[in-house]
Structures are given as structure tokens and as C-alpha cells.
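Here is what TrEMBL records for this protein:
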- 6-25: transmembrane segment (TRANSMEM)
- 57-78: transmembrane segment (TRANSMEM)
- 84-104: transmembrane segment (TRANSMEM)
- 116-134: transmembrane segment (TRANSMEM)
- 154-173: transmembrane segment (TRANSMEM)
- Asn172, Asp232: Mg(2+) binding site (BINDING)
- 180-197: transmembrane segment (TRANSMEM)
- 203-221: transmembrane segment (TRANSMEM)
- 228-248: transmembrane segment (TRANSMEM)
- 254-276: transmembrane segment (TRANSMEM)
- 306-325: transmembrane segment (TRANSMEM)
Amino acid sequence: MKSEIIFLALMIIEFFFLIFFEKYLTDFLERSNLVQHVREELIESHKKKEGTPRGGGIIFLISIAFIIPLLFVLKVPYDTFRKLLFVISSTILFGFIGLIDDVLTSRKSSSEGLSIRSKLILFSVATVFLFFVFKDIMSFNVIFLGLNLNFGPILYFLLFFIMMVGSVNAFNLTDGVDGLLGSIVSIMLLTFIFLSYLTKNFLLLGFSLSLLISILAFLWFNSPKASIFMGDLGASALGGAIASLSIVFKTELYLPFIAIIPVIEAISIFIQIAYFKATHGKRVFKMTPIHHHFEILGWSEAKIDYRFSVITAFMVIIVVVLKIIGL
């Protein structure tokens, strides 16, 4: 009972602290000129966002500090601690790469920070590092629809690589509408909160809840019209967190369903590029990622948030039901 009370108190303190902190962080980022620069080709409504502070996703990393007291009140097996360390390391490492991009973007006074190639190299190096440092906690068996598939070390590494690098990139692509990424990741986290409770992994339950609360605090300021953006720091950290949680809970092949919106966002770009090249200039979508297509069609940012969140919730429910019935 004592640990439950401490946990509840930490969550309440975290929420109000981060709400208070984010307000002052917004002013600090603005004074530091760590602000958004909007691409010229974006629709007119986005140009009003020029100069909005970015980097608000730092509170996702700060939220990690609130689960440290749990290490002192819970009897944590070494394997469980290593899994938590893997998830935390993924969140921080990818978040730090995102921070570099945010800083460079602001310093260049343009929408371009790190080049696509530089990002891929950094994300790839981080992924390889994480795999070999935490290889001891990974099982090469992948469970999907009741099947126990033995991938072996090489094939599993390829799956791990695609999951980590793909998630971080796709989450960055999705972060283009006020409140969108925060809203859908909040729903995704409910999957891992449920699985944590089901497996009695209260340390990862604490991490998932703490991250969820930090996102809710962020959304207080990020709902349309946003007064602060999470930046690549926040989007990359969330991508790393969701991918690593999926690996820890052996839901690797369910990740495309849990993260259905980022997957669709990424696929829309591939389709657009392939069709553009094949037809010498024609387009499938008015603009990609696909949330911009719907904006041009007249959808408000709030409508995009709500409908993409509904789709995410539906897919999360399906995955949770599959896990309940043992699939």
C-alpha cells in the first residue's frame, strides 16, 4: 500500500510541476531563439506558426526522474531493471539527437537542421549501440497471433533496426499538426500501461504512466493554436520510447497497428515520391505527410487530431483484445 501511495503522489506532483515548468520553459526557449521556422511550401495557416518556441519535448525526458523513487520502494529483479534502462536509454538517446536537430534548425534560421542523411546515420548508430548493449534482455522469438516465431539473431536485429529507426523517423513526420503526435502517443501508451499491469511489471508501468502524464502536461500548451512545439527532441524521444516498449513487451509485429498513424504518414510520402517519379510530376496527395493533404482539403487541426486519435484508439483496442485472448 505504501508504494501505491508514493506512486500516486509522484504522479500528481509530476503533472502540476510540469505544467508550471512548461510555462516558464516557453519563455526561456523564446528568449534563447530556439523557435520554429516554417517551410515556404506549407499552407498559409502554418506560416503563422513562425517563431513559436520548439523543444518543449524536454519534459518527456524530465518525466523519467519521477520514476527513480520507485526503485527504492519496489523490489526490482535485475532483468526488469535492465529492461527499464533500455527503454530510458532509447528515449534519452533519440531525444538528444532530436535536440541537436532543433538547435541547428534554430541557428540556421530555416526549417532545415540536420540533413536526412545525417539523421539516418545518427539514428542508425544509436540503434546498433542499443542493440548490442542490451542484447542480453532480448528474446529472438517474436509472438504474433498466437504464433511463436524464432527470428534468430540476424533477422531479429534487422527487425529491431527497422522498428527503432523507422519509428523515430515516422514520429517526426507525424509531428506537423498542433496536438496530433501527443494525442495519439497518449493513446498508444495505454497499450503498454495495460501490458505492464497484466505482467505485473510495475516499474515499466511507472515509466509509461510518467511519460503519459508529461504528454498531458505538454498538450495543455500544445493544443491548437500551440504556444510551444515538442520539436524533434520530443518526437524522436517518443518514437524511441514506443518502439523500445514494444520490444520489451514482445509486441514487435503489433507495432504497425499500435502506431498506425505514423505508419500511414510515412507510407504516404513513399507513395507520393514513387508516383511523382513514375508519372513525371503527378501527385496522389495534395501534400505529404498525409495530414497536410487533409488540411488542404479543409480539415481543421482539431478535426485531424480527433479523427487520427479515433483511428489510433480503435487499433489499440484491437491489439489489447488480442493480447487478452492470448494472441
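Each residue's number is its place along the chain shown, starting with 1.
Even glycines carry a Cβ here, placed using N, Cα and C.
Not measured: the values here are computed from a predicted model.
Residues near Asp232 (Mg(2+) binding site) in space but far in sequence (CB under 8 A, at least 6 apart, same chain), listed by position: Ile97, Gly98, Leu99, Asp101, Asp102, Thr105, Gly113, Asn172, Asp175. In this chain, the transmembrane segment (154-173) lies out of contact with the transmembrane segment (203-221); the count of Cβ pairs under 8 Å, excluding pairs fewer than 6 apart in sequence, is fewer than 3.
Nonlocal intrachain contacts for the transmembrane segment (180-197), taken as residues 6+ away from its ends with a CB within less than 8 angstroms of a stretch CB, comprise 171, 174, 204-205, 208-209, 211-212, 215-216, 218-219, 222, 230, 234-235, 238, 242, 245-246, 249, 251, 258-259, 261-262, 291, 301, 304-305, 308-309, 312-313, 316, 319-320, 323. Only residues 6 or more beyond the boundaries of the transmembrane segment (116-134), in the same chain, are considered here, and those with a CB under 8 A from a CB of the stretch are 82, 85-86, 89-90, 93-94, 97, 100-101, 157, 160-161, 164-165, 168-169, 244.
Here the transmembrane segment (84-104) sits against the transmembrane segment (228-248); at least 3 CB pairs are under 8 Å, leaving out pairs fewer than 6 apart in sequence. Of the Cβ pairs linking the transmembrane segment (254-276) with the transmembrane segment (154-173) and spaced 6 or more residues apart, 3 or more are under 8 Å, so the two regions touch. Residues 2-3, 6-7, 10-11, 13-14, 18, 21-22, 25, 84, 88, 91-92, 95, 98-99, 202-203, 206-207, 210-211, 213-215, 217-218, 230-231, 233-235, 237-238, 241 of the same chain lie 6 or more positions beyond the ends of the transmembrane segment (57-78) yet place their CB under 8 Å from a CB of it.
Long-range neighbours of the transmembrane segment (154-173) within the same chain, counting only residues 6 or more positions beyond its ends whose Cβ lies under 8 Å from a Cβ of the stretch, are 90, 94, 98, 119-120, 123-124, 126-128, 130-131, 138, 140, 142, 181, 185, 232, 235-236, 238-240, 242-244, 246-247, 252, 255, 259, 262-263, 265-266, 269, 289. Neighbours of Asn172 (Mg(2+) binding site), defined as other CB atoms within 10 A of its CB across all chains, total 26.
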